[in-house]
Amino acid sequence: MSYDYRLVVACPDQVGIVAKVSAFIAAHSGSIIEASQHSDLTSESFFMRYEVRFEQPQSQAQLSEAFRPIAESFEMEWRWQDTLQKRRVAILVSRQSHCLVDLLYRWATNELNCEIACVIANHEDLRSLVEWHGLEYHYIPVTAAERDSAFTRIEQIIEARAVDTIVLARYMQILPSWFCERYQGRTINIHHSFLPSFAGARPYHQAFERGVKLIGATCHYVTDELDAGPIIEQDIQRVTHCHTPDDLVRLGSDVEKSVLARGVRWHLQDRILIQGNKTVVFA
Ligand SMILES: Nc1nc2c(c(=O)[nH]1)N[C@@H](CN(C=O)c1ccc(C(=O)N[C@@H](CCC(=O)O)C(=O)O)cc1)CN2
């Protein structure tokens, strides 16, 4: 039972949605304390995110059952989410530590309102850092020949720890298609380029060879197609002819950290709605 819920809605656009939803909330003694909505005129789709405080504690099941007739009448994809229920996050890493360290700091200082269920890595390099934070560290090496068995082990850990969100913090292994499908819309990656430029491995070296004047980072949901999933957040950093590849790596790491942190925070707050291979972000 909770007083505070988020309502997230996506449906075909039509007259009367806001009126019906707000009347439902008022009839259940709720106050809308944050309201976001978007009508996509091209696809004729409607997106909504309300934060609601009820005068009496509600159960998610009862609230959902009462709302279901309205949802069905508008062909909604929808969810009432208990605002106080923390998401359970697994972070996947390889050898690069900067994004992991940044996420752990933001978690430890309560900026990221979640539980970190565990860290899963394909190298042992970051074990001491993770265990210093009192967190579980699972070393699961991945080879091309045994990729499926390695990710089956990862899946077992994720299910055993009731993980609902997976964050790839510079995890340098390609996830098998069955894994992407199973955790679609719940697996977030930080790619160290301004996609769609320089997808794949070693983007900073690709950027150096191309002589770009801007580098960047992209936070996106993971799909089977490499670095092509729905983009959540991006940012850039100006560079010049004076910068070496190592300079680009250094300058880019600051952008990666901030872009990933915003993407993860918005996901944890149910601020992201996926529309095909794009997102609507109520930041
Ligand atoms: N199915 C997906 N898997 C991953 C995605 C994705 O979008 N879909 N994003 C990548 C992240 N990534 C760049 O951001 C990336 C990681 C790894 C590789 C790669 O070629 N890896 C090699 C092994 C490299 C090594 O062992 O050091 C491989 O997996 O064979 C390219 C891009 C995360 N995974």
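Using the three backbone atoms N, Cα and C, a Cβ is placed for every residue, glycine included.
As written in TrEMBL, here are the features:
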{"type": "ACT_SITE", "residues": "Asp227", "note": "active site"}
{"type": "DOMAIN", "residues": "6-81", "note": "domain 'ACT'"}
Summary of DSSP states over the domain 'ACT' (6-81), given as helix, strand and coil counts: 25 helix, 37 strand, 14 coil
Helix, strand or coil at Asp227 (active site) [DSSP, three-state]: coil
